[in-house]
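Here is the structure we will look at.
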Amino acid sequence: MDQFHIIGAKQFDRANLEELFELTEEMEKVEASGGSDRYKTKVMTTLFFEPSTRTRLSFESAMCRLGGKVIGTENAAQFSSAIKGETLEDTIRIVSGYSDVIVMRHTEIGAAERAAAVATVPIINAGDGAGEHPTQALLDIYTIQKELGQVDDLKIAMIGDLTYGRTVHSLSYLLSRFNGIKIYYTAPENVLIPPYVKKFLEVNHVEYVETNDLEEVAAKVDVLYQTRIQKERFPSLDEYEKAKGKYIINNSILKLMKKDAIIMHPLPRAGEIATEVDTDPRAAYFRQAQNGLYVRMALIHKCFEKQGFVKKTIKI
Amino acid sequence: MDQFHIIGAKQFDRANLEELFELTEEMEKVEASGGSDRYKTKVMTTLFFEPSTRTRLSFESAMCRLGGKVIGTENAAQFSSAIKGETLEDTIRIVSGYSDVIVMRHTEIGAAERAAAVATVPIINAGDGAGEHPTQALLDIYTIQKELGQVDDLKIAMIGDLTYGRTVHSLSYLLSRFNGIKIYYTAPENVLIPPYVKKFLEVNHVEYVETNDLEEVAAKVDVLYQTRIQKERFPSLDEYEKAKGKYIINNSILKLMKKDAIIMHPLPRAGEIATEVDTDPRAAYFRQAQNGLYVRMALIHKCFEKQGFVKKTIKI
Amino acid sequence: MDQFHIIGAKQFDRANLEELFELTEEMEKVEASGGSDRYKTKVMTTLFFEPSTRTRLSFESAMCRLGGKVIGTENAAQFSSAIKGETLEDTIRIVSGYSDVIVMRHTEIGAAERAAAVATVPIINAGDGAGEHPTQALLDIYTIQKELGQVDDLKIAMIGDLTYGRTVHSLSYLLSRFNGIKIYYTAPENVLIPPYVKKFLEVNHVEYVETNDLEEVAAKVDVLYQTRIQKERFPSLDEYEKAKGKYIINNSILKLMKKDAIIMHPLPRAGEIATEVDTDPRAAYFRQAQNGLYVRMALIHKCFEKQGFVKKTIKI
């Protein structure tokens, strides 16, 4: 059977994204009105081979809000069958028989694609190692649309660890679906945006610049997309502290920002946005996390409707 | 929005307790009739930063009996966001958006209060370190009321580790809401009831005595509230064994007890009530555990009704 | 109250099994039609003192398909009360009060029987150490019936670790309820079927042979029931590899098999059935795993109907 799977950001074209925006808005209304029991006979299995409590709870809550039931495991690293040497394919074949949709997080790149190849129910990729985490990218782009009323013609800064932070890669792919975008990659020398992402943008005619000057960027952009900088990426603690200090969003950065710009962050944060920023209306990161619930409700709904988004991959 | 949170025993005054008793009785009927689906669109999140399987299952079952849905984590010590340095406040802000009520257990005193300060849904404290565990105290006081028909004018012995056992502290606070109470603190020298609890009782005019003679006490009281004595509190294994032996409730203690007295224990027990006692009708500890279900149903119901008990703190 | 518990394979006589077959067929229809909400007010607790993700998810999905709710713990080895020294009996007494049925997995033989002795709700044994795992045996026998239309007069080979693999023991017990059975125990010297199983078969007039020649057996039987061979049972890695190699089901074994025979495996597998076999229609092991869902639905239903199978034990 031809299933609808959510594997990577690149499978979504502009029409898919616009349909998703519309559907997500509907889901906000469903949630605000106390939820639905539309999918009360459906079962979601959350298979998390590495822990990600927040993401798991977000999916599980989305399923509950649609009336469905959830089973799962929060630590499939201890998944007893995997320990006994079972392949991911065998696990998915069997769990498919217990489920109407499987939300999977795995440590290996490509695991979601492998799961989708044998599953008899939709697979939603909740992160596969250094690979993709498409629902994060989708909630990011939805947040931009919702907060600013459009995605076209925006200036977006992505800040922090641009090498290992997979959310900025996936968001870059999605932004390529819109017009007049300009991305400001703002990062320390050792965690720059990778060449293959830049190549992708060039092929898709997306304008971008690279810089290490947060203050200059802050004054120009519509979106400041902040991410964590991880200690272990730096040659010394000293260099880490220096880099980190330069990229903190605080009240002085706020003062430089446009009045209707927004600050986003995939969360969790660990100091790179000062808490003094939280009360500013431009601080959109908690609203962004909340949007994750609505976007996931919309995606689960699409899985059950079995009239999923056309899966297209664009060339790189 | 002004939420109703359940943080500590002291927030309940006598009127609150009497309302709770009445509501809990109703909940017993709801459960006996096979449960309700009143809250079928509601979602409870159980956030347990340290494991407490029994307490968690009790809350989750209570939510199910009211028709609600449960998501959660049974080991948030591995909570991935916390590991990445996220503050409790950020976690609660986000999980609030996925939930209609959060039941939280944490290792640090005051964690529930901190959570309540930022939550947009009710927080129920299921234990915060050496701090409070108010639902245990509430099920204890309900059990006394239900078993003996009253709380006023009772003689209550609390036995065992009175220094570190937080349940006896919270129960002491709740007993101060009633009249004619006399408490017999019955403990080895090294785990006596702390001065601040005694101070509280004095301010609130509650009579109490301290003793180390279980046999004498057993003959006098209406309630024997037994607790575990923990090995690690004693200077030597020898002294531990000696102390422990003196405070075991067995058939010879049963013989001394009044005919209509009851034996309570927050459970789990580890030998301090002999199993030979289990069949005596005065052994109320399994009924007490069962009452936990009904009390938690009542409390969850109050959270959703949003007409919570007035939060008052009495001076110490 | 006299409860219906599912403790071991031997409690099922032929009439029970035939009733179960019929009920399971009905459950397949219930599942295919999108599930039921018949038991929407019922709560199942899954108490897993050792992890077995697959089995747990199968039970939880079965409960969901019947409309019920599930609470539980996926790692009761860390069960906080057990760590504090609580007996299994105390745990079960209390959890009984939160549940309508308890599915329990434990590390010790006889744990399910001990639980049933004190439970006030049905206990379903999901494996007690080297003891029984009756629902696996029941799904095995159901699979044979469904795939081949009968169990009587069949030739069944059990292959691999016949000493420690409890599923082959339980399946042997169930096969004794049928007529004209012949079992081919096919195993390396060091993991032969134990004397007490052979004794049981002799008392119950079941024909069996012991062999180590998989090729010869493959040509004769209606069912090849494969199991894992575990490295640690062998004196040396060399002997393990030699033994393992001799018992792999692959395309050359397939060629020897009867056209309408089937291959079964309790799963997970770790190489003892080559993946090249998966596409052959005789590969029944994934269908077998799926049958587990239906059989468990049937068993849960029987628990709630409280008109359980008569518990009989046949002499050994």
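From the backbone N, Cα and C atoms, a Cβ is placed for every residue, glycine too.
Residues or ranges marked as domain 'Aspartate/ornithine carbamoyltransferase carbamoyl-P binding' by TrEMBL: C:5-145.
Residues or ranges marked as carbamoyl phosphate binding site in TrEMBL: C:R54, C:T55, C:R105, C:H133, C:Q136, C:L267, C:P268. Secondary structure at C:L267 (carbamoyl phosphate binding site), taken from DSSP and collapsed to helix, strand or coil, is coil. The Cβ of C:L267 (carbamoyl phosphate binding site) has 24 neighbouring Cβ atoms from other residues within 10 Å, across all protein chains displayed.
If you draw a 10 Å sphere around the CB of C:R228 (L-aspartate binding site), it holds 22 other CB atoms from the protein chains shown. Marked as L-aspartate binding site by TrEMBL: C:K84, C:R166, C:R228.
Mean predicted confidence for the domain 'Aspartate/ornithine carbamoyltransferase Asp/Orn-binding' (C:153-300): the pLDDT average there is 94. The domain 'Aspartate/ornithine carbamoyltransferase Asp/Orn-binding' annotation in TrEMBL covers C:153-300.
Ranked by CA distance from C:K84 (L-aspartate binding site), the binding-site residues C:R105, C:H133, C:Q136, C:P268 have C:R105 at the top as the closest. According to DSSP, C:R228 (L-aspartate binding site) sits in a coil region rather than a helix or strand.
In this structure the alpha carbons, written CA, of C:R228 (L-aspartate binding site) and C:Q136 (carbamoyl phosphate binding site) are 15 Å apart.
Listed binding-site residues C:R166, C:L267, C:P268 compared with chain A at a CB cut-off under 8 A give C:L267, C:P268 as the close ones. Filtering the binding-site residues C:T55, C:K84, C:Q136, C:R166, C:R228, C:L267 for a Cβ under 8 angstroms from any Cβ of chain B leaves C:K84, in order along the sequence. Here L-aspartate is bound by C:K84, C:R166, C:R228 per the record. The longest Cα to Cα distance in that group is 36 Å. The Cβ of C:T55 (carbamoyl phosphate binding site) lies under 8 Å from the Cβ of C:R105, C:A126, C:G127, C:T135, C:Q136, each of which sits 6+ residues away along the same chain. Other Cβ atoms within 10 Å of the Cβ of C:R54 (carbamoyl phosphate binding site) number 25 in total over all chains.
Remark: of the binding-site residues C:K84, C:R105, the most isolated position is C:K84 (fewest other Cβ atoms within 10 Å of its Cβ). Each of the binding-site residues C:H133, C:Q136, C:R166, C:P268 was scored by other CB atoms within 10 A of its CB, and the lowest score goes to C:P268.
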